[in-house]
Amino acid sequence: MGAAILTDLLTEILIPVAAVVGIGFALIQWGLVSRVKLSPEKQGPPAGSNNKNDYSDYLIEEEEGLNDHNIVVKCADIQRAISEGATSFLFTEYQYVGIFMVAFAILVFLFLGSVEGFSTKSQPCTYSKDKYCKPALANAIFSTVSFLLGAITSLVSGFLGMKIATYANARTTLEARKGVGKAFITAFRSGAVMGFLLAANGLLVLYIAINLFKLYYGDDWEGLFEAITGYGLGGSSMALFGRVGGGIYTKAADVGADLVGKVERNIPEDDPRNPAVIADNVGDNVGDIAGMGSDLFGSYAESSCAALVVASISSFGINHDLTGMCYPLLISSVGIIVCLITTLFATDFFEIKIVKEIEPALKKQLIISTFLMTVGIAILSWIALPSTFTIFNFGVQKQVRNWQLFFCVAIGLWAGLVIGFVTEYFTSNAYGPVQDVADSCRTGAATNVIFGLALGYKSVIIPIFAIAVSIFVSFSLAAMYGIAVAALGMLSTIATGLAIDAYGPISDNAGGIAEMAGMSHRIRERTDALDAAGNTTAAIGKGFAIGSAALVSLALFGAFVSRAAISTVDVLTPKVFIGLIVGAMLPYWFSAMTMKSVGSAALKMVEEVRRQFNSIPGLLEGTVRPDYATCVKISTDASIREMIPPGALVMLTPLIVGTFFGVETLSGVLAGALVSGVQIAISASNTGGAWDNAKKYIEAGASEHARTLGPKGSEPHKAAVIGDTIGDPLKDTSGPSLNILIKLMAVESLVFAPFFAAHGGILFKIF
């Protein structure tokens with residue numbers, strides 16, 4: 001077999017050290033961002049500062065009024081209002097989610113405990129019948145604990161992200177007075193704080209949980225890693241509510257603010273006279289930041305759990321090879337170090353001087369991290385894996401070499417980059433597709449909608465081929481374990497991906513604060529340039545999330561089929577086919593719920609904004625302050641109320657199908673939801689992103705073509721705003737939530753597989 005070079009002791013040191021380094025780096029970035037003061041006292045340069053990207057050149061004034069105390073006070077006030085609104089919403093949401101979390105934890109315990117009638121006796125192992133494993137009751141208790149751990153880590157990830165974003169938004173605005181380079185660094189560093197905290201916390205909590213569980217399980221690695229899958233279930237179930245609730249909040253406010261403010265009243269975006277403007281900016285943080293943080297944490301947790309489950313019943317688990325077993329965690333550890341080096345390229349090694357350098361700098365982050373990670377995985381596969389080992393493949397052990405596993409991870413990593421750049425091509429206004437959509441606005445909103453939908457459908461083609469190739473190659477090389485580590489490969493640069501993703505909403509908020517604080521047009525131009533680049537990179541981030549969700553859910557599906565002892569999933573049998581067709585319908589049902597929720601909430605918001613404009617004298621003239629609180633309350637109430645039905649649909653479907661129709665029908669449901677969910681998620685996200693950037697293309701007027709469609713307030717611009725408004729719930733609510741749907745149903749089925757295998761299919765047993 002050839003033993004691995006890396007010893008077990010070194011493995012046990014490397015994983016926590018990498019996580020601690022990630023947390024330390026995040027805190028250093030936080031310290032650098034906090035040097036930008038949000039108080040009107042005159043600040044001098046920090047002692048001993050000489051870095052070209054630091055704040056030493058405080059007195060170099062590119063913009064008049066750099067030390068205007070009134071503007072600093074205004075920015076601080078607006079930032080406080082946004083932060084308080086976001087914190088208040090998340091606390092309200094977490095109260096409801098907390099009740100669900102406790103109720104579902106009880107459900108996990110009851111279902112899994114009842115497999116052997118709450119017996120405390122050891123039972124024959126699932127995959128090695130000649131050995132005895134820990135009792136089903138222990139599996140129930142530890143699965144419940146890991147579910148709660150995953151859920152709490154997910155909530156903390158989302159909350160930390162929101163706090164960092166609301167801390168950084170006004171600081172980015174103030175730095176924009178010194179030039180676009182300073183603002184970029186502040187926004188990007190803040191994104192990096194979130195990225196590294198989330199990646200490192202996710203790894204550290206999982207590693208500690210495994211080691212604590214090992215104290216009880218001892219040599220029973222099969223039972224240990226089966227119990228750990230609850231961690232992924234907890235992470236994703238909280239992410240679902242975060243994404244749906246946050247998505248409804250942010251889009252209700254955004255649609256209401258845009259339709260009345262920009263289309264009807266012809267006032268600029270983020271104008272302080274618009275009553276929905278604070279709710280809109282709060283929404284960026286609770287939807288795009290907190291929701292996205294929980295989502296990507298869920299993906300990471302599930303892909304790690306899927307890989308660990310398969311590894312535990314392969315030669316790594318059978319021979320108790322700790323280093324080989326921890327290969328998925330080592331990938332994440334190397335990823336943190338690679339992302340740390342990559343981040344320095346954006347913040348320290350190169351300086352951004354002009355607007356045109358922003359988007360290339362963000363794209364270079366993806367390219368550099370992918371190249372460095374490929375080298376890192378090659379070295380890791382060489383030192384951490386035996387030269388040959390076996391992987392469990394539906395009842396048989398498949399012999400695999402270490403270089404084959406390297407290719408599995410690498411193909412996932414590079415498929416992620418391909419999906420990212422295809423997404424960018426279809427959503428960036430620098431390329432033909434979005435410019436065609438903008439041009440279609442000449443003849444009104446209808447043609448804009450037709451072109452946008454066509455673009456979204458077309459944008460699915462290459463990502464699906466990329467996912468298909470990675471699935472085929474990784475499965476051929478290393479069975480289901482290959483697919484699980486390919487998903488981990490795609491998520492290995494999660495810290496950089498999240499930094500780029502979080503940068504967008506922070507820049508968007510910075511622009512809003514500049515507008516509300518009455519800062520000059522030049523400042524707004526700079527923040528708009530940061531925001532436009534952030535929009536494209538956010539679309540790239542969504543592409544990564546959807547691609548990894550497809551691989552993760554397939555790996556979980558494979559683990560479920562093995563655990564439920566299904567020999568083959570035959571679509572020609574009626575039990576499986578009915579599941580398949582119902583599963584393919586679920587993403588449409590889910591999307592209908594979330595779209596309708598945004599529409600209903602937006603309707604209330606539009607009515608409230610209109611009421612204020614019509615009934616408050618002096619509001620349009622700017623002499624009276626609008627009632628922001630009522631709009632914030634409308635968004636909060638609507639999102640809390642409306643997030644429950646879609647969440648219940650996703651969480652209850654596997655339980656109902658598995659219990660009443662059995663594991664074969666459930667396998668059909670999972671396959672159907674995966675196949676249709678991925679397509680809808682990609683097209684919805686890209687259609688919305690294209691409409692958004694088509695509007696920005698017209699507003700910026702950067703080319704001759706764009707100027708013929710503008711300026712703001714022209715008929716083509718109004719048509720573009722309508723397209724953008726339709727696209728908002730597609731790209732920020734339905735699309736991103738669908739990738740959670742396909743992962744969550746798969747991981748939930750895996751966690752409850754022992755119960756379904758023992759007691760499922762009640763209806764088919766009766767009839």
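Just so you know, glycine gets a Cβ as well, placed from its N, Cα and C.
As recorded in TrEMBL:
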type	residues	note
TRANSMEM	13-33	transmembrane segment
TRANSMEM	96-115	transmembrane segment
TRANSMEM	135-162	transmembrane segment
TRANSMEM	183-210	transmembrane segment
TRANSMEM	325-346	transmembrane segment
TRANSMEM	366-385	transmembrane segment
TRANSMEM	405-426	transmembrane segment
TRANSMEM	460-488	transmembrane segment
TRANSMEM	544-566	transmembrane segment
TRANSMEM	572-590	transmembrane segment
TRANSMEM	740-764	transmembrane segment
Range from 366-385, 405-426, 740-764 with the greatest count of C-beta pairs under 8 A to the transmembrane segment (135-162): 740-764
Stretch in 183-210, 325-346, 366-385, 405-426, 544-566 most in contact with the transmembrane segment (460-488), if contact is a CB pair under 8 A: 405-426
Contact set, same chain, for the transmembrane segment (572-590): CB under 8 Å, 6 or more residues outside the stretch: 646, 649-650, 653, 657, 661-662, 664-677, 680-681, 734, 737-738, 741-742, 745, 764
Residues of the parent chain within Cβ reach of the transmembrane segment (366-385), under 8 Å, 6 or more residues beyond its termini: 4-6, 11, 323-324, 326-327, 330-331, 334-335, 337-339, 341-342, 345, 402-403, 405-406, 409-410, 413-414, 416-417, 420, 489, 492-493, 496-497, 500, 540
Stretch of maximal Cβ-Cβ contact with the transmembrane segment (544-566) [cut-off: under 8 Å; candidates 325-346, 405-426, 740-764]: 740-764
